Amino acid sequence: MLRQKVVIVRSLAVAAAATLTIGLSACAQEEGGGAAGGEGSLSEVRLALVPGGAHPYFQPWQQAGKDAQTDFGLAGVTFNETGGWDQSKQNDVINSLVANGYNAFGIFGVSPTDINSTFKMLKGSGIATASIASCPAGETNEADFCLSTDVEIAAYTAAQAAIEAMGGSGVLVHLTGNNVDSNTQRRIEGVKKAVDETDGAVTVLPDVTDIDKDLTTAQKAVADLLAAQGSQINGIVSTAYNPSVAAATAVADSKLDIKLVAIDDDETILTAIKEGSVYATVAQNPVGQAYVGSWALAQLASKACTVKQPGVVVDSGSFLVTKDNVATYDDERQAASKKLKSLFSDSLLNCK
Amino acid sequence: MTSTLKSGSSAHLQAGALRRFVATPSFFLLVIIFVLVIVLGSIKPAFFNGPFVIAPLLTGISIFTVVGLSQMVVLSIGHMNLAVGPMAAFGAMFMGLSYELWDLPLVLGLALGILAGAAMGALSGWLVARTGVNSFIVTLAMSFALIGLVPTVYSWLSAGSAFTVKPDGLDEIGRSSFSAICVNGACGSNAIPLIVIPALGVMLLIGYLYSHTRLGRELLMTGSNVDAAQLSGIPTGRRIVLVHSLSGALAALAGFLLAASTGSFTPGIGQEFMLQSFVGPILGGTLLAGGYVSVTGTLLGITLTLVIRKGLDLFGVGLETLNVLLGVILLIALSSDQIRLFFGRRRTRRPAQVDRTSPPPGPKLAQPSVPEEISA
């Protein structure tokens, strides 16, 4: 028993000593670390684009980041999707990037209710910070700005299009993502608002949530839905990427007369729109978010500009794509991105 | 002469204890961590950045050590708790409710959440003890039930599926460091977060329970041989309920620490807990089959995995590579432990002692768990 005590006490003592040693080492090093901003040119800006985790929506960010680096002459751009859809892990990734000298961050926060704490910490260290593709929950945005699709408006537009395709009446289903995400709750609100406007002509089945984890999960959920209730459903509105792709294939294969309005512009969805099995999709603007966001962040990080209204929320746009404009919608989107950049330079930033 | 003998005996005892400590998985983990820290720090000096690397690392270690201890206490009796994460979310949900809807102060809300977690754990333990159903099954079922219940309650009672009201002190526990504490103008390091304090407190309490109390010995006895424990007069059914309650309470505390560090109480709390809850104790030498635990080992097991992850983060390793490397490094760490035991046995050339103070026999680490089924 005595030996056991000795071992345990020693083990704890060694662990405490190790912690203290690391702490003291850190204390000695901390002065040289971090990435506090200083006035300089764009060539001193190291930009990190940090999605919440791996997801097809964010893949265009990689090329947009590279383009931004070349076009604006940034010192470096990195794309890091190792956050694993966990706010703690994403915070770890961000902290590591700061320690590596990155001084501008475009972040899709995993938890909209928590990400403000991260923004506050970054801004407190003099780092340019933007919330990209999703804004923090509530009225406050601690980042310099938020550049995102207004998810409630996008969901409302998609639901309206689905109801129109259904002929103004019938049964609608809403497929969406993570139920515990406040943005999902806003999407649900957007769909509900469009349904409420029909005065009962359209009824909505219980929302099918948590199926945006991956394509397999979405495919299984959509197959189960169509097998169980396919004959009663007149319309489907999907406000998440993977369910949209899954539903586009499943509805076409089922030969059921279901009007589907999807979200985003995966090739599967665009092909289905051309073939007529999908009525429409609401495309977002991930390239514009990353490219224009990178430019604005670079201006802030180099101290060339400041934000007139810190925390300003900017809608990056959503575009209803039907058979009529499927070939040309990207031109519309690129034009919107140019306008966004002008909006930043002319109205949202104060530049020297 | 007597004093010389006493002194010699004391020195011999200390040397024996040292040899024993050197033979433990904890010592081995400590060496690996030390080497890793030196190597990582040499290649990437940013590894020693206080506020952006060391402090977040210590925050993670603190939270996941409590998670690991939550699993370790049930492993001590040869059971497991697959609902560690959902119990953390359940306890944290009560804390969020306390602060947002009932306006309770920090400590009362914390106590209520821990009680809620303990009650959920007690229910699991009672079901295991009463029905004799394997703890794997009971806690798996509990996990599913809570995964459904917690988000439902959040969607009923909160706007945006989160409780965001922060009572006084929550931010300080979760996000402040010792730099906020100044005495006579001298402040602490911003590399050490305050969250290490509750984690160290819990480690000391659990360590004390298993090393200094009769109850702790009874729990280990129950894990070693439940029949022998029953024949010795240990109320094994009640001990099962107790450890599951303790596991639930610790899970709830871990949920609180995570919420304090990230900023709000959400149903997503605990989603990442299950794997870490097993990795920490098992790397640290706790036996899946019960009967041996190591609090320090759990801390070091968690530390090793988080140091590896932090190192890979700093090197900007991609997602797939990161997961592969994490798996390979953990496998090497576990295998190295077996090699160490092999050479240790050859060196001593004597049978391994089987007592509470010796490290667990190597092969048992790799054995699958066969939890005991006990009737109350």
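Cβ atoms here come from the backbone N, Cα and C positions, even for glycine.
Taken from TrEMBL, the feature region 'Disordered' covers B:350-376. Look at TrEMBL and you will find B:21-41, B:53-75, B:82-102, B:108-129, B:136-157, B:191-211, B:240-262, B:282-307, B:314-334 tagged as transmembrane segment.
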Surrounding residues of the transmembrane segment (B:53-75) on its own chain - C-beta under 8 Å, 6+ positions past either end: 46-47, 81, 84, 87-88, 135, 177, 190-193, 195-196, 198-199, 202-203, 206, 219, 223, 243-244, 246-248, 250-251, 253-254, 257-258, 261, 273, 276-281, 284, 286-288, 290, 293-295, 298-299, 301-303, 306-307, 310, 314
For the transmembrane segment (B:240-262), distant same-chain residues with Cβ under 8 A (at least six beyond the ends): 59, 62-64, 66-67, 69-71, 73-74, 76-77, 79, 81, 83-85, 87-92, 94-96, 110, 113-122, 124-126, 128-129, 135, 170-171, 173-175, 195, 198-199, 202, 206, 215, 219, 222, 269-270, 273, 374, 376
Interface check, the transmembrane segment (B:82-102) with the transmembrane segment (B:191-211), three or more C-beta pairs under 8 A: no
